[in-house]
Amino acid sequence: MGNGSSFEQIKTIYLDINGKEEKIIFSRHSTPLEIHELIAQAAGVNKHSTISLRDKNGAHVAVSPTMPVNSAQNPYKVVTREPPPATDNDAFQAVLTHVAEQLNRLVKVDELKTNFNARLTSLEKRMELEGLKAVEIEKCKSEISYIRDQLWNAQKKYVDFNRLRPIMTSGSCDHFFSSLSDERKIILKRDIPTYPKYTLSQETVDYLKQPTFDIWHWEPNEMLSLLEHMYHELGLVEEFNINPIVLKRWLLCVQENYRNNPFHNFRHCFCVTQMMYGMIHLCKLWERMTTEDLGILLTAAVCHDLDHPGYNNTYQINARTELAIRYNDISPLENHHCAVAFQILSNPETNIFAYVDKDTFKRIRAGITMLILATDMARHAEIMESFKEKLAAGFDDKNKEHLDTLKMVLIKCCDISNEVRPMEVSEPWVDCLLEEYFNQSDREKIEGLPVAPFMDRDKVTKPTAQIGFIKFVLIPMFETVARVFTQIDEVMVQPLKNAKDRYEEMKSIEEAQKEAKKALSQNH
């Protein structure tokens, strides 16, 4: 094994120490310091001694895990020199030098990144090679996660205090939760009511029901008032006997628990909910569903991305985050959104369903959970196939399974409906989404995780990001829904086709400009 290639996990090196043959064995992941100490131990000298190795030709060999393997017939000659006795002044100078080096390392981001990467690699290899005990593994994982967070924060040049958490110390059994934990206490940070009651004009009331509604012109307090209006206008306040003050408090608490991500933020929540409200009116869903069903649809839309961290399920699973571990890699984000939603509803001060009976609440909880979990795009094919099968068999409004599938498809439509809206409303969302994608792919590159091509800033453009998505996901889905609600064809499917044509034209222009630039550079 010792005479194999330098890529083997374990290396054996033969030494000649004052005419006596010795050998050392170490992992290729060992540090030079660890190998130095092994040689010092074999030579019987102080570990602080100066040690040099020479081959049979007298050439110096670097003490490192990559040193060439040798044989008993060609050992490395070990030359040692004891360190001079240290004086108090030497010790003091050594401490000062060490402190200076540490301070210098802290202020240099590049050195910090290198240090963290080396430490991370060392920890991961220790777990892989040494088979640590369960408790030790958990401690290592905790430290690795902490290092990754610190590395990312150093790269971003600012500290994300939401993600800071202590490293578990030996013997500690205390539980701690990062900002990605649905077990943290959700509290309302503002008194109620704190946003003014807006008097909505009839023009705004009518406009709010349209898929063309421009969601960019509204401040957060105005969005809260518009959401409040939806609950009153659809009769949900009466249906669930909601206390109007509790409704305000609930909406504020929901707003507080959306993060300030480029895309998955409170405005996205409002955007999706407004589209659901528009579809309820466009399709006259009250003719096919109960008011309870409408309340489930609207509330699921409001809560569908609660506490989204800005990094998708693929990242959670590949990075082995707390959420991925908690939910066994099965829709970790969507499960988290549900958990946060019902954590908020578990507080009497923010429970809009406090006055419904147990059976009704059980149906509401099951319905909201079903709809939020349906927003995981990993389930897109499964849900659409189920919907098509029911359409082929003859869609039945009275069949609960048929109606549940329709509701899942409706929230999916609303969640990814931006391209249905006019270009001036939809295009800024593409910029927001790409910014969030690029943030994730940058982090994945630093952490050595797989990077999806459609998230890589070096590979994707706005038209390439949208053309395939509109062509193969949005248009087929909305066309399928149009088989139940024919009015969708003109109001939603046609705008999607127009958007696809626009992005294809944009792509052609970009490619032509690229070719012209290339030709120009070749001529010069």
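Using the three backbone atoms N, Cα and C, a Cβ is placed for every residue, glycine included.
Sequence annotations record features per position, and here TrEMBL assigns domain 'PDEase' to 188-510.
Residues or ranges marked as active site, proton donor in TrEMBL: His264. Non-local neighbourhood of His264 (active site, proton donor): Tyr258, Asp305, His308, Gly310, Glu436, each in the same chain, at least six residues away, with C-beta under 8 Å from its C-beta.
The annotation AMP binding site is assigned in TrEMBL to His264, Asn265, Phe266, Arg267, His268, Asp305, Asp415, Gln466. Around His268 (AMP binding site), the C-beta neighbours below 8 angstroms that are at least 6 residues distant in the chain are Tyr258, Asp305.
What TrEMBL lists as Zn(2+) 1 binding site is His268, His304, Asp305, Asp415. Annotation for Asp415 (AMP binding site): same-chain Cβ neighbours under 8 Å, separated by at least 6 residues, are Val272, Ala301, His304, Thr375.
Per TrEMBL, the feature Zn(2+) 2 binding site maps to Asp305.
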Additional residues around Zn(2+) 1, ordered along the sequence, whose Cβ is within 8 Å of the centroid of His268, His304, Asp305, Asp415: His264, Cys269, Val272, Ala301, His308, Thr375
Among Asn265, Gln466, which are binding-site residues, the residue with the most C-beta atoms within 10 angstroms of its C-beta: Gln466
Number of other Cβ atoms within 10 Å of the Cβ of Arg267 (AMP binding site) across all protein chains: 17
